């Protein structure tokens, strides 16, 4: 089922002349940096959809995960949403959330997030009356402790 040629290039389109090609900053970087095609201002506590003006065709059996950049995370900037489905072909947008205390400016050409390609499995779902029990059971949200 996972017959995927990892050497096949991923096709993308620059929708406008403002778009920058996604790039990796090192040979072993997990993600490709995505760039803002426009200038935006994000006040503290607010969020903004940032357009890249890039559209692309995801590899078969993969989806694109939009992940934060560590340098922006240090400034209180996070990502909302973050999934690009295999069959999506539109302008890739990134929701930036300003959790900081200062207004955050996004300049045209700024690196705003990273795109990571991940394999996906499309299971068939089956409703049942109960699930197999485990030692953990329904314990979640901190139930395993800090240490």
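All positions are counted from 1 along the displayed chain.
Glycine residues also receive a Cβ, built from the backbone N, Cα and C atoms like all the rest.
As given in Swiss-Prot:
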type: BINDING; residues: 24; note: Mg(2+) binding site
type: BINDING; residues: 68, 69, 70, 82, 83, 84, 85, 88, 93, 95, 111; note: dUTP binding site
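Known features from Swiss-Prot, placed on the structure.
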| residue | record | contacts (Cβ under 8 Å, 6+ apart) |
| --- | --- | --- |
| 24 | Mg(2+) binding site | 31, 32, 33 |
| 68 | dUTP binding site | 77, 78, 79, 113, 114 |
| 70 | dUTP binding site | none |
| 83 | dUTP binding site | 63, 64, 65, 66 |
| 85 | dUTP binding site | 58, 63 |
| 93 | dUTP binding site | 49, 50, 51, 52 |
| 111 | dUTP binding site | 33, 34, 35, 69 |
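Taking every pair among 68, 69, 70, 82, 83, 84, 85, 88, 93, 95, 111, the residues recorded as binding dUTP, the greatest CA to CA distance is 26 Å.
The DSSP secondary structure for residue 111 (dUTP binding site) is strand.
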